[in-house]
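According to TrEMBL, the protein carries these features:
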- 2-174: domain 'Hydroxymethylglutaryl-coenzyme A synthase N-terminal' (DOMAIN)
- 83: active site, proton donor/acceptor (ACT_SITE)
- 117: active site, acyl-thioester intermediate (ACT_SITE)
- 175-398: domain 'Hydroxymethylglutaryl-coenzyme A synthase C-terminal' (DOMAIN)
- 209, 252, 256: CoA binding site (BINDING)
- 247: active site, proton donor/acceptor (ACT_SITE)
């Protein structure tokens, strides 16, 4: 039976075109700091007219196979997580099969998983469960999380982003699953959804979505704590994990979420927090669950108390989400990539707890145990291959191009023929090809 199953290798691709949130604030006439402080975001990537989730995925998968020297015939399962609809029937996975068909490998199980931002986690679980099962044939699993998040003009537009994260799954991994430490919450809500198939813009109830996120966080955390306590015979608290990684629609919600876990620890076992926290959180102990989600005072106090722990346990995972934006299914794993980028030399033997959320709603909190591993499947090599700093540095800041693309993408979804704008020169190391235009023209004529 395979042991220490998890992530052997990773890579990330995000478009080289981006817009600074400060510039977007100025263009939108928003108050200074509304996006940078209010949302906690710094920059936002976007797909130009020659990129989409297919091209990003093709680029990411090709790069991983080449950089880690993986024979495409060694892939036995390919799972994709995405909520970006390219075709209402044909999966993104089938587009990626072009990479493997030319090597004679069509015996690859798996297909797309879709539920808002959660699909990538479902895809990852599917691959991990496959490797751990009696169905495993000894080959690697491959997970692709890819999305382009775009919003209508208004307060949600600065929470867009785009990226593809690819992960190789197998045994003896440097990023191994603690499979029994997993808590999920699934429910029905209309906090964020896309009922209009002629538009890529979602319908968002921002206040409800935040409440659903925090409610799911509470439930998943309590479930994970309960499972830990049954396994270990002692209570779980924030001190039992070295790092926490969150799905990140925007950084301010990540800050609120970690503070919420501190409040959970206080409510479950007051002895797990210090005296200052007991004193300041005490007045909120009689609030109902619904009341606590709406209490600005509790939110403020919790964040103040949690800040030192946040800086140590969460902040190292926030780099890419703050710089690239909300990548939907890729957001959580871009945050994990950020942690490896910032703390790779300190992660051996550490426990990392991740929280995945998808509106509608689906959520899971799960635990990973990290080790340095052995080349090529080592944290050091993952760091080198991802080259996060280099990719961020090589981007092009183009606010006018972003505004043009918002206009173009809107009308493309209403069946107007797409013509190329400037931008191909920015697509360095991208598998953009003519397939992007092909997808759009299929919308126009068929």
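Cβ atoms here come from the backbone N, Cα and C positions, even for glycine.
Small disclaimer: the values here were computed from a predicted structure and weren't measured.
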Which one is it: of the recorded positions 83, 117, 209, 256, whose Cα lies the shortest distance from the Cα of residue 247 (active site, proton donor/acceptor)?
117
Nearest to residue 83 (active site, proton donor/acceptor) by Cα distance: which of the binding-site residues 209, 252, 256 is it?
209
From the centroid of the CB atoms of 209, 252, 256, the recorded CoA site, which same-chain residues not already listed sit within 8 A by their CB, in sequence order?
210, 213, 214, 249, 250, 253, 254, 257
Out of 247, 252, 256, which of these recorded positions shows the lowest number of other CB atoms within 10 Å of its CB?
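Selected from the recorded positions 247, 252, 256 on minimum Cβ neighbours within 10 Å: 252.
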Have a look around residue 83 (active site, proton donor/acceptor) and count the other CB atoms within 10 A of its CB, chains all included.
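Other Cβ atoms found within 10 Å: 27.
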Can you tell me how far the Cα of residue 252 (CoA binding site) sits from the Cα of residue 117 (active site, acyl-thioester intermediate), in Å?
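That separation, Cα to Cα, works out to 17 Å.
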Neighbour count, 10 Å Cβ-Cβ cut-off, for residue 209 (CoA binding site): what number do you get?
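By my count, 22.
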For the CoA binding residues given in the record (209, 252, 256), what is the largest pairwise C-alpha separation in angstrom?
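The CoA-binding residues span at most 14 Å between Cα atoms.
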At the Cα level, what's the spacing in Å between residue 209 (CoA binding site) and residue 117 (active site, acyl-thioester intermediate), rounded?
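With the alpha carbons as reference points, the distance is 12 Å.
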Which ones in the same chain are close to residue 117 (active site, acyl-thioester intermediate), with CB under 8 Å and 6+ residues apart in sequence?
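Those within reach of residue 117 (active site, acyl-thioester intermediate), by Cβ under 8 Å and sequence separation of 6 or more, are 83, 147, 247, 249, 328, 329, 331, 332, 356, 357, 358, 359.
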When DSSP states are folded down to helix, strand and coil, where does the residue listed as 'active site, acyl-thioester intermediate' land?
strand
Please compute the mean pLDDT of the model over the domain 'Hydroxymethylglutaryl-coenzyme A synthase N-terminal' (2-174).
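Averaged over the domain 'Hydroxymethylglutaryl-coenzyme A synthase N-terminal' (2-174), the predicted model reaches a pLDDT of 96.
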